[in-house]
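Quick notes on the structure that follows.
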Amino acid sequence: MDENESNQSLMTSSQYPKEAVRKRQNSARNSGGSDSSRFSRKSFKLDYRLEEDVTKSKKGKDGRFVNPWPTWKNHSIPHVLRWLIMEKDHSSVPSSKEELDKELPVLKPYFITNPEEAGVRETGLRVTWLGHATVMVEMDELIFLTDPIFSSRASPSQYMGPKRFRRSPCTISELPPIDAVLISHNHYDHLDYNSVIALNERFGNELRWFVPLGLLDWMQKCGCENVIELDWWEENCVPGHDKVTFVFTPSQHWCKRTLMDDNKVLWGSWSVLGPWNRFFFAGDTGYCPAFEEIGKRFGPFDLAAIPIGAYEPRRFMKYQHVDPEEAVRIHIDVQTKKSMAIHWGTFALANEHYLEPPVKLNEALERYGLNAEDFFVLKHGESRYLNTDDENF
């Protein structure tokens, strides 16, 4: 499939004082503490698109999707060229495999050594970071992937374009049985053609794909038949697991794969709402008011996967990619108890030093009165089990 992609870009909002952060955290904990409240939270058969105070997807006069918030700004071709030509690249990714193995080790995921342990069947939740925005989530008797990319390059061609400097921790053939895949948008580092083909070849119609509005035709051309295409605030489920609701929720970004298809496909985040756990996947996003809306409707979440990388230079990137401080604000806005860092340490997509995002994240957490366990960073291939049923969680 011959495809091409360019980059665009984005205003920081007001800061939260530490007291406000603690107040919102306490509110989130109090609203989801007891067993009875955890099970009573499953009441999602409302159509949130009918609510007056939710931000609905919007199209311009040309019929293409647009970001509906003042926090978005389109960049012209001269702005893109200035970034590509004039801005200094500080990423400094070493060519030495030994140095990379020391700084960013790639672990063998637990499910390769002990495949029989895959699948959390109790009330807990387990996540495994497979690099970039690819996360394997096990919760509420389901296993699903977010934005799977197992290829060496995030590009229409495996001979050019952004190349991984950290390999994927596993192959698709080594994955446990996957029930669903969540796609946030159609950029090459989030929607990888080769990974889609390989996942479909392995799992076929047993695998349900949840994709944004406008992507159904592309998925069907790849041979995928079990595809659910959703607008913001629409929901669906995996057959046989109707107690777990997948809601496509807003984010601030853009879409493009070819020269002429700008924003013909919607972009967004995902809220996964189960009887025991709630998971939020931010996808790729700039900071915007949508996250408070999501937290208001579906919070508190037990875990969120939030991007922390590809943010420099800010005057170009801020509209489409949050920096670590804005990632912490999303953590607060969606009312999540824990967050994990994604979208860093895999591809050099922007100009910050390749090891800077976790450092900036810890600095931001300290400013907001949070600790590293509230918003944690995993190694490639590393898993984290969260006992979400523990009253102290």
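Keep in mind that glycine also has a Cβ here, set from the backbone N, Cα and C atoms.
According to its DSSP assignment, HIS253 (Zn(2+) 1 binding site) is coil. Note: HIS253 (Zn(2+) 1 binding site) has non-local neighbours ASN67, SER184, HIS185, TRP267, GLY283, ASP284, THR285, GLY286, GLN320, i.e. same-chain residues 6+ apart with C-beta under 8 A of its own C-beta. Feature annotation from Swiss-Prot assigns Zn(2+) 1 binding site to HIS185, HIS187, HIS253, ASP284.
Reduced to three states, the DSSP call for HIS190 (Zn(2+) 2 binding site) is coil. Residues or ranges marked as Zn(2+) 2 binding site by Swiss-Prot on the basis of similarity to another entry: ASP189, HIS190, ASP284, HIS343.
Taken from Swiss-Prot, the feature deoxycholate binding site applies to LYS256, MET260, ALA348. In this structure, ALA348 (deoxycholate binding site) belongs to neither helix nor strand by DSSP; it is coil.
Swiss-Prot lists 1-16 with the feature compositional bias 'Polar residues'.
Swiss-Prot lists MET1 with the feature N-acetylmethionine.
Under the heading region 'Disordered', Swiss-Prot lists 1-40.
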For LYS256 (deoxycholate binding site), the number of other Cβ atoms found within 10 Å of its own Cβ: 21
In the chain carrying HIS343 (Zn(2+) 2 binding site), residues 6 or more apart in sequence that have Cβ under 8 angstroms from it: HIS132, ALA133, ASP284, PRO307, ILE308, GLY309, ALA310, HIS321
Whole-number Å value for how far LYS256 (deoxycholate binding site) lies from HIS190 (Zn(2+) 2 binding site) (Cα to Cα): 12
Alpha-carbon distance [ASP189 (Zn(2+) 2 binding site); ALA348 (deoxycholate binding site)] in Å: 11
Cβ within 8 Å of the mean position of the Cβ atoms of ASP189, HIS190, ASP284, HIS343: remaining residues of the chain near Zn(2+) 2: HIS132, ALA133, ASP147, SER184, HIS185, HIS187, GLY283, PRO307, ALA310
Distance, MET260 (deoxycholate binding site) to ASP189 (Zn(2+) 2 binding site) (CA atoms, angstrom): 19
